[in-house]
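What TrEMBL records for Lys51, Tyr273 is active site, proton acceptor. The feature substrate binding site is assigned by TrEMBL to Arg149, Met321. Marked as domain 'Alanine racemase C-terminal' by TrEMBL: 252-379. If you look up TrEMBL, you'll see Lys51 marked as N6-(pyridoxal phosphate)lysine.
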Amino acid sequence: MTTLINDPRVGAVPVPPTSAVGPLRTVHPAAIAANVRRVTVRGHDLIAVVKADGYGHGAATVATTALAAGATALGTATLPEALALRAAGIDARVLCWLHLPGADFTTAARERVEVAVGDRATLVAVAEAGRRSGTAVVVHLHVDTGMAREGAEPHRWQALLDAAGAAERAGYVVVRAVMGHVPNADRASASRAATLLRLAGLAADLTLGHPVELHLGGTPAAFAGADLTGIAVRVGAALVGIGPGHAGLVAAMTVTAPVVAVRSVRAGTPVGYDGTWTAPRDAVLAVLPVGYADGVPRAASGSAQVRLRGHLVPVVGRINMDQVVLDVTGVPGPEVVRGEVVTLLGAPGPTAADWATWADTNAHEIITGLGGRIERAVDTTTSRSSA
Ligand SMILES: *Cc1c(COP(=O)(O)O)cnc(C)c1O
């Protein structure tokens, strides 16, 4: 239905029907489930990593989908992220590894959140929480397999094992696993980390007097082709479709936004801040209500493209805080109208990898950066499950 604005300065202006839906991230659980099967088909137990709000896809959505598809446990960076899963009613095993100063391990004990420990000070704090709460905290001892991050350096490993053994005998902790992380995507790097992990695990078995599980992260490690027999993988990126091309992963998010304005301009018209793009001919421009405050990277200005009616159209001029301008000149069909929906991310492209190339970053930063005014919805159809 067409309505009329009656403004004495401009006369009666026809206004086409508008979409009430604003910028939207639609998450596809069926794609996440398919990606989980891509990982577990290799025979590994999977700790599904849902940090950073499930890489922007919604931690609870990714977690429940991954568990239903065969993941054995969940992983988060921080304890608050793990507790948010509990608050969402998720009862599965959860491990967290990045501890903020003063982290409340007593709450971890009470909520049965498992805790990675890579140094003596953290072990002491965790054991103290186990003692106070009367509940042994399940710990995963983290050994440095090449990251120089939160894992224990090899020369401190035995001392950490000895301390963990003492805390375990006192009933304050239960050591469940030894974990490592792979710094590079190549097979040699993953093999080297697996070897270091197995050695650290053997030392743990001997010191503690019982076997421990082994696990290694992240997505590159899982697909590097190294022999990971007997080693579980901690994977996050792959769950939402980010990984090496040969892995056959499916993107789990579509991002759309409605056109909010359309105008025709003369050749030579500069567009936006600093006029970094000037219409090379008479042009039709369309405006989308998303910008870098919503995670559309400003660095992609000048190279980004989006999809309108199945056609790629260029983003022109600077990507602004709240909006971007498209050159929709020559798009087939009737005139582009306000409310028409444009795809910024989603099959058959642009992909997160495309945006990463345009913005000189990685696909992870693109998907975790999306947010702001882009609302999130869950796609309840299953049409992508076979993709
Ligand atoms: C982020 C992270 C993972 C998951 O890595 P992906 O490459 O996203 O699969 C696993 N382990 C640790 C310690 C991490 O920080």
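Backbone N, Cα and C atoms are what each Cβ position is placed from, and that goes for glycine too.
Bear in mind that TrEMBL entries carry predicted annotations, made automatically and left uncurated.
Shown in sequence order, His181 are the residues of the chain, 6+ apart in sequence, with a C-beta less than 8 angstroms from the C-beta of Arg149 (substrate binding site). Neighbour counts of Cβ atoms within 10 Å were compared for the recorded positions Lys51, Tyr273, Met321, and the top value is held by Lys51. Averaged across the domain 'Alanine racemase C-terminal' (252-379), pLDDT for the predicted model comes to 97. Taking the Cα atom of each, Tyr273 (active site, proton acceptor) and Met321 (substrate binding site) are about 11 angstrom apart. Within the domain 'Alanine racemase C-terminal' (252-379), the DSSP-based counts of helix, strand and coil residues read 24 helix, 44 strand, 60 coil. Cα-Cα distance from Lys51 (active site, proton acceptor) to Met321 (substrate binding site): 26 Å (rounded to the nearest whole number).
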